[in-house]
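Taken straight from TrEMBL:
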| type | residues | note |
| --- | --- | --- |
| BINDING | C:CYS39, C:ASP41, C:HIS98, C:CYS101 | Zn(2+) binding site |
There are 4 protein chains.
Amino acid sequence: MKRLIQGLHEFQTTYFNTHRELFELLSQGQHPKFLFITCSDSRIDPNLITQTEPGEMFIIRNAGNIIPPYGATNGGEGAAVEYAVHALGIEEIIVCGHSHCGAMKGLLKIEKLEDEMPAVYQWLKHAEATRRIMKEHYQGYEGEDLLNASIQENVLTQLENLRTYPVVQSRLKAGKMHLHAWVYEIETGEVLEYNALQGQFLPPNTQFGRIAWLSKEQQERIYKGSYSKNS
Amino acid sequence: MKRLIQGLHEFQTTYFNTHRELFELLSQGQHPKFLFITCSDSRIDPNLITQTEPGEMFIIRNAGNIIPPYGATNGGEGAAVEYAVHALGIEEIIVCGHSHCGAMKGLLKIEKLEDEMPAVYQWLKHAEATRRIMKEHYQGYEGEDLLNASIQENVLTQLENLRTYPVVQSRLKAGKMHLHAWVYEIETGEVLEYNALQGQFLPPNTQFGRIAWLSKEQQERIYKGSYSKNS
Amino acid sequence: MKRLIQGLHEFQTTYFNTHRELFELLSQGQHPKFLFITCSDSRIDPNLITQTEPGEMFIIRNAGNIIPPYGATNGGEGAAVEYAVHALGIEEIIVCGHSHCGAMKGLLKIEKLEDEMPAVYQWLKHAEATRRIMKEHYQGYEGEDLLNASIQENVLTQLENLRTYPVVQSRLKAGKMHLHAWVYEIETGEVLEYNALQGQFLPPNTQFGRIAWLSKEQQERIYKGSYSKNS
Amino acid sequence: MKRLIQGLHEFQTTYFNTHRELFELLSQGQHPKFLFITCSDSRIDPNLITQTEPGEMFIIRNAGNIIPPYGATNGGEGAAVEYAVHALGIEEIIVCGHSHCGAMKGLLKIEKLEDEMPAVYQWLKHAEATRRIMKEHYQGYEGEDLLNASIQENVLTQLENLRTYPVVQSRLKAGKMHLHAWVYEIETGEVLEYNALQGQFLPPNTQFGRIAWLSKEQQERIYKGSYSKNS
């Protein structure tokens, strides 16, 4: 624990010291623009990879960046989504998976988890759609390729689940809510975003360029739609 | 979203560029020493306030840094705790609350939430012990004082809940697990840790000093509470 | 049933006849000092082994003297604990396991129960912490030794679970609640109590002797474990 | 606690001392003939009022002697019923309510419990059939009369619930299971049993006499039937 206690002191004498005004302001309330949902994995630091400061992102973290469909659990995920959207008025939600995800590795051999880690086993059932997609659409895949595909598919699965939340659905209908599917690659530091037009995960800037070709209505229609490759 | 996309690029050209070896290493596996459980609140950046790097802390974040008693929910909290302890072998768990916590504000007027935010309402029932303690032990308290006390009490409540997890209990019994109760104050950047000897939240370094009066065995015994066989 | 009907008559002409005043008094209200939680096993008679009279102990009995963590079930255990503590003001809670416990035998071979006794199988999941502790800390144990250790460990597990109940936590905080772990041995008629200082189950009188070395405050602090403010 | 510790010693030097053979025998296994389900109320001592010895009755005790319908909860009641019938082969089940029952008092003013005792409030929902019967069939009743009627009705409600358990249903079909509804009156020490023929609670011996008038088939039909007054 010494490591952490020293870190707390270092934080105070460095970052906090040079950002006193920011923290003073933040103590009066939070107004984050983003809900960032990612894995508990220690290798991800959401504020670091987006270079955001305290106050900018409301963050949910669990094993596998899973958001169960509305009503499927009574855990913390639903409450945090509801609070983010209803109480804080957030309109941009990012689900961010990552390479080498232990939860997805677990999902691909879920039968081995029941005895050793019963709670993980139960929890991964909320990624059952991902597991089924892998089984029925990726027969030829193995090893890293299979894992990487499952990481991408899982992020899309969780976006579908997010769409089942009443507060999200209502905002989507109003055109005031945008859902983003990201995958962060630990070894390259790169993030890919799902591009509904291309049906692929691509570097985010590329996407901005391409979408500019389309009319606003076309973009909307494509963007709000479901996340199948044929859209 | 432009803000975030630009951040991703900035991260790559700055931090990632100067830490390539770290990320190369991390891509081969994570070995975090700490499980850090905190609120989804945007104003907390766990890695920033502890000055830790990617790979050091496995992180669970939800509204109110709540860990329901084992079996009380089927949400992500139990799975993440189990994975952290069983699969990653983590032996230090920190539950970190924070000043101005919206979830605790909600808890203190929970009857108003049922209609507006039903998922938040249900979720806060897992902090019912906190609510009851506030009602029965803090009758004279109001406003900020009441809120601050509830933030501290809630962190202690969640430690009790954590102790019901089989993987946690088994490690506690082996004397290989330590639970820490922290509260982070946004306006001062300070963290206070619960000191079981003093029965108070104190700056963590003070605590090291005071505990030095006792032998290691005595400290352990008192800190680990009553029910471990090795105490 | 004849056996029981005759017993009812015998009770009236003997015990009831000589204790009319007690029952007259009891008909006006109950003021038990103890909540006694034990197994449904026919071989245990809580009032007999403690030589207490009607009116002294509020009693919960189920298979395995299990109290699931708060919120983990919607069965009768939580309601009875709440009623005992809140409505009756009870401050002493005893969880009493016993030798040759069928529920613990079941726990040690739980995989065989799922088909034959599904409700028992589900119920024993609330003793999962006990099962995990047995698996991880008692590898060398077999037969009677394994069973006896699991009976002791299970009583301690249930005390941890009890601590998650809001009414219990609130009283613990006030220093007005004491939790006791007992094991009753059918063949010797002896009860052993968990001694937190020694980390062992010992005859209760021995314990009083030993604890006498410490001041009242010290005993309290150690016994109540780490998280009460008054410790 | 001194009171209890002294009781343990007294038990050893008196009862246990004169019943060594019984306890030696019991340590080899239990073979109870009866499952006795009663309230946690401190004023009831099942073995005392039936003058039975250790080993004769398997006992479930909770607030209000409630056995929720099969599948309605995941608490200990179902597991204990299943164990009693399937593992121990018990064929006689007694549900025993009692005068001045606090749980039934609570049921009659359930709306006042939600805030103060939420677990009791939830639990009493499993006696909702009793509450509805009181509301719809006992409009003229008040005070003691209303309470006494609800105590009787509740015992019958719980017998209906018991009949929903697969192990119970299967034995009932085989004609090998008998369910008994008792009410114990604290002030008189008397037990009344529900007499299906008369549709009334009567002293148990009376019942034996009356049933002798009927043919075996008639008795069976009436006995196995539901517990409405018109049967």
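Cβ atoms are placed via backbone N, Cα and C, with glycine included.
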Including all protein chains shown, what's the count of other C-beta atoms within 10 A of the C-beta of C:ASP41 (Zn(2+) binding site)? 29
Are there residues of the same chain, six or more positions away from C:CYS39 (Zn(2+) binding site), whose CB falls under 8 angstroms from its CB, and which are they? C:ARG61, C:ASN62, C:ALA63, C:GLY64, C:ASN65, C:CYS96, C:GLY97, C:HIS98, C:CYS101, C:ALA103
Would you kindly determine which binding-site residues in the set C:CYS39, C:ASP41, C:HIS98, C:CYS101 have their Cβ under 8 angstroms from any Cβ of chain D, listing them in sequence order or replying 'none'? C:ASP41
C:CYS39, C:ASP41, C:HIS98, C:CYS101 excluded, remaining Cβ within 8 Å of their centroid (Zn(2+)): C:THR38, C:SER40, C:ARG43, C:ILE44, C:GLY64, C:ASN65, C:GLY97, C:SER99, C:HIS100, C:GLY102, C:ALA103, C:MET104, C:ILE151, C:TYR184
Across all protein chains shown, the one of the binding-site residues C:HIS98, C:CYS101 with the most other Cβ atoms within 10 Å of its Cβ is C:CYS101
Intermolecular Cβ proximity, binding-site residues C:CYS39, C:ASP41, C:HIS98, C:CYS101 versus chain A, under 8 Å: none
